[in-house]
Amino acid sequence: MAQRDKKDQEPTELRAPEITLCANSCGFPGNPATQNLCQNCFLAATASTSSPSSLSSPVLDKQPPRPAAPLVEPQAPLPPPVEEMASALATAPAPVAKTSAVNRCSRCRKRVGLTGFRCRCGHLFCGEHRYSDRHGCSYDYKSAARDAIARDNPVVRAAKIVRF
């Protein structure tokens, strides 16, 4: 009960923090953390104080870097003469037009577009034939899983204990 009386005696009103205007008299509110400057004036002040030091650093950076070892440029092979290129083009077969991407189910030949499912056997299937038991998949999942487990979990054998 004593706690309740103590709460009743304390004032519960909220006080707004005092607003101080910018020290440069620009009319915006200042922040005590930035020496009572507004954000714009503080950024301008920090930019002006950091600019002399930034001017001296590029002068030092303008010196060319010294290479550790002399660079030796590898000689590129000379291109073959024009006559050889012409004969090579004449003997090369004509380029075959690219075939469009397969976008039909390998089982029912239904158009699947972007909704097709590519199986591990390498074929594309529709939603009905996407499972291996539905399309008679030739991929051996059991041996692939067995090999993956054997590869990822090598057998660890301790050295034989020699007793004297």
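A Cβ is built for glycine as well, from the same backbone N, Cα and C atoms used for every other residue.
The zinc finger feature in Swiss-Prot is assigned to 16-50, 99-145; the stated evidence is sequence analysis. The annotation Zn(2+) 1 binding site is assigned in Swiss-Prot to C22, C26, C38, C41. Here Swiss-Prot flags 48-58 as compositional bias 'Low complexity'. What Swiss-Prot lists as region 'Disordered' is 48-81. Residues annotated as Zn(2+) 2 binding site in Swiss-Prot, with sequence analysis given as evidence: C105, C108, C126, H129. As annotated by Swiss-Prot, Zn(2+) 3 binding site applies to C119, C121, H135, C137.
Here the Cα atom of C41 (Zn(2+) 1 binding site) is found 63 Å from that of C119 (Zn(2+) 3 binding site). A simple Cβ count within 10 Å picks out one of the binding-site residues C22, C121 as the most packed, and that one is C22. In terms of DSSP secondary structure, the zinc finger (16-50) contains 15 helix, 4 strand, 16 coil. Rounded to the nearest whole angstrom, the C-alpha distance between C38 (Zn(2+) 1 binding site) and C119 (Zn(2+) 3 binding site) is 63. Summarising the environment of C105 (Zn(2+) 2 binding site), the number of other Cβ atoms within 10 Å of its Cβ, over all protein chains shown, is 21. When Cα-Cα distances from C137 (Zn(2+) 3 binding site) are compared across the binding-site residues C22, C26, C108, the shortest belongs to C108. Non-local contacts of C108 (Zn(2+) 2 binding site) by the CB criterion (under 8 A, 6+ apart in sequence, same chain) comprise C126, E128, H129. In this structure, the binding-site residues C26, C119 were compared by how many other Cβ atoms lie within 10 Å of their Cβ, and the smallest count belongs to C26. Neighbour counts were taken as the number of other C-beta atoms within 10 angstroms of each residue's C-beta; across the binding-site residues C38, C126, C137, the minimum falls on C137. Here C26 (Zn(2+) 1 binding site) is positioned 71 angstrom away from C105 (Zn(2+) 2 binding site), judged by their C-alpha atoms.
In this structure, the CA atom of C119 (Zn(2+) 3 binding site) is 68 Å away from the CA atom of C22 (Zn(2+) 1 binding site). Counting only the Cα atoms, the space from H135 (Zn(2+) 3 binding site) to C22 (Zn(2+) 1 binding site) is about 76 angstrom.
According to DSSP, H135 (Zn(2+) 3 binding site) sits within a helical segment.
Each residue in R104, S106, R107, R109, K110, V112, F125, G127, E128, R130, H135 lies on the same chain as C105, C108, C126, H129 and has a C-beta within 8 Å of the C-beta centroid of that Zn(2+) 2 site, without being one of the site residues.
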